[in-house]
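Taken from TrEMBL, the feature repeat 'LDL-receptor class B' applies to 38-80, 81-123, 124-167, 168-210, 375-417, 418-461, 607-649, 650-692, 693-736, 904-946, 947-989, 990-1033 (among others). The domain 'EGF-like' annotation in TrEMBL covers 260-294, 553-592, 819-856.
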């Protein structure tokens, strides 16, 4: 049988032997199994999860992961493949498919603390115990009908419950009365079976003529005769709080029962639940209509399918600070904003298919509205002071309104009328209206407002409703702001979200921590739907009957628009728009194909944008529209503050202030090479001039300077070393033959001796046409000036925190001639321009052959080392001694490694996976050669002559040997080893050496077959780690 406590184990009846199925469980309490499917299910009241796994312990999965508070009982319907559970926290019994889908609240009325649950699917019955103020045992049909109390006297803590299918009886334990009782399945003929020696019985099961139960006090599993209670026996003791228990046998799940739902699920679209004689089709809770609300760290729904209006959590991942919500019933999506992750996301109403649709250039997206007719997203951002729109998937995003916005908050749309409405919390609070294409903007309410929060539209009466947290009112008026009236003006401490449905208005209140409703016409009939809910935000009623009005002009050929078709008020009906940065042509319908002039905060080449991230330590690229994102450099970076793309020569250059290097690679990250590493202190900005063969960079070090070298690293020279503080941005004016840079310490931009004063903290710098553009950290703005005189300074964009680099893209400018264009100038690998031509170069650590064009395949001499999660190589052929990532996959905790020069294989141990593996140095053909019987393999050595490998295992205190493929494995040494660590072999002399970290640290030697073992050193040693042999002088070195 199976029992559960902090692990899941299988114990043989009447024997002390047991098998551990699952361990390291948090607080597993309830348990059941599905014999024919070989599955085990359990609930965890610490994680608030229901889990399942195969009976052999594999494939552990979450089945139910949200909306649980204390799931103390669990039962499997093995005939109809359903999962039932009790939750004493939510006071419910629920049912779902075995994978957790189609979840339904089955019984909730007159429930207090439901605990144990047992099923009789042959008869179509559920039995459960309730610990509430009136303890009782009840049953009902498995569809929730026909509920009846079968015992409600002499009960206090009815814990375990089990059904004897053959004997047509049920048994239960009561921990307070210290008794095991039985009764007929209708509650008649109740009788105590055992009433002594039961300090704290918890769970019970039955098999053949015996009862088995767990006891918390004795920490044991016990058995007795089910008829007499005699022949009591301890099956296993010394257990830590044994919880549920079940007999794992086909007799406990008889196969003879009729499947009432047949082979086609009874014809039901969702749930088919057995009743006493037939079945009932049922829908998952909240399928058609539910109240959706945000609570910062989760999004919940209140189903109108159950009279208790109980709420449950929509199973979403990484919800940090959800504020605004909306929904689209056509495809079943819910949308929300998160002001911590600065993103807009969506998922299906059941939490599946979650995805981020907008996650760039957002700061405080507190308002969100879905145009369910044309499937557009509208949102406000109080951080950027904008109203924006995009397609429902986040594509074709454009800014609609950016002028005269102070703190825009909530937004609603009226696709039928073509208008949008929004509230503004700024210095002059107001409610505004405009066409959904931003036309005909007008202020409709501007007096007697303080903090206008939630907005809602009543499409039936054509009224606009709003909540004001400062005025503590809910009001309404006509769409033009006329006929304004207070609906509710008392007992509204801090209303926030607002929504309407049918004849009701619903709202959230921060201070009362409640969701309330009232009649939308009179404000009367107020009621509280939910209370004691912290951090309440937006609220919406999800239903499937949204009005669409007449046929929208945008639904016919997209309104003739090439990109965005936006609804507008009559008589216009709609207008065309373009994504931000692309212009609408004179025909009013077609967008310019691609941007002609663009300011980007990254680099651009062939429709790709490249950027570095010093937190993730990566260089990444993507299409200019954000698609096809890929990491091109993801190892060996620390602080890549400067990045430049040679769009002519098809190379990427970068500076790294952490490693003090300047490197180059192909645009896909291949053939990476360290160009400059000497005499760099803190290299920062970098700029390229392909036509002249030069690169320029700034250095923030102790002696700030501006330097130049060829694009191959040659001919290095310091250009400026005086009057520099923190030289940041750098740009080359090819037309004017000028070099421009920004200095954040001296707070100026310098253009060949022309100063732009009074700058606060300039950072990025770029040129476009006759202008210079720069970013400023302190003013949080992008600014522009004339590049020749520095005059006419204007702010292009303000209120942009976190500004970094900026680059200009000019599609009209020809790329120019590529010096390496023809056959890569004869180079086998890298061709790099220089002032007087080109030069061939090799990836880091690889030497160029004497022909000056071809690279060697590998370094001649190099070091290999591991840092647990990666393997790296340092070439000794080149002077830079840069470590290069060896692309070995699936590394978790690599401790020891060795190299077989004969086959070119790297061998290594991974103590997290407890394996020994080998792989080619290019990462290919990785294979596990030893996968069992390892604990802590700290040392590894390859005998390249006899084709064997040796390893130490500190966990098992052994030294073993095997062929290089892992076969013919043998333990060589297993006595008098304390903590064997490093190991080395001397094949030509037939010796094996190893270190031992034990109580008496030592270094030992033996023959390669383990014979003639000898201690070489056992004094003046602490933790002898590394060990290597000098085969020339025949000495060993220890560290």
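Any Cβ shown, glycine's included, is placed from N, Cα and C.
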Residues of the parent chain within Cβ reach of the repeat 'LDL-receptor class B' (947-989), under 8 Å, 6 or more residues beyond its termini: 896, 898, 900, 902-903, 905, 907, 909, 916, 918, 928-931, 933-941, 995-1000, 1006, 1008-1010, 1013, 1024-1029, 1031, 1034, 1036, 1038
Structural state census, the repeat 'LDL-receptor class B' (607-649) (DSSP three-state): 0 helix, 21 strand, 22 coil
Helix, strand and coil totals (DSSP H, G, I; E, B; other) for the repeat 'LDL-receptor class B' (38-80): 0 helix, 21 strand, 22 coil
Taken over the repeat 'LDL-receptor class B' (124-167), the model's mean pLDDT: 94
Structural state census, the repeat 'LDL-receptor class B' (168-210) (DSSP three-state): 0 helix, 24 strand, 19 coil
Remote residues contacting the repeat 'LDL-receptor class B' (375-417) - C-beta distance under 8 A, at least 6 residues beyond either end: 324, 328, 330, 333, 335, 337, 344, 346, 356-358, 361-369, 423-428, 434, 436-438, 441, 452-457, 459, 464, 479, 498, 538, 547-550, 552, 563-564, 566-567, 569-570, 577-580, 625, 799-801
Within-chain partners of the repeat 'LDL-receptor class B' (693-736) [C-beta distance under 8 Å, separation at least 6 from its ends]: 642, 644, 646, 649, 651, 653, 655, 657, 662, 664, 675-676, 680-687, 742-746, 749, 762-767, 772, 774-775, 787-788, 805-806, 819, 832-839, 841
DSSP-assigned states of the repeat 'LDL-receptor class B' (418-461) in counts, ordered helix, strand, coil: 0 helix, 23 strand, 21 coil
Long-range Cβ neighbours of the domain 'EGF-like' (819-856) (under 8 Å; 6 or more residues past either end): 646, 649, 651, 663-664, 666, 671-674, 690, 692-694, 710-715, 862, 873-875, 877-878, 880, 882, 884
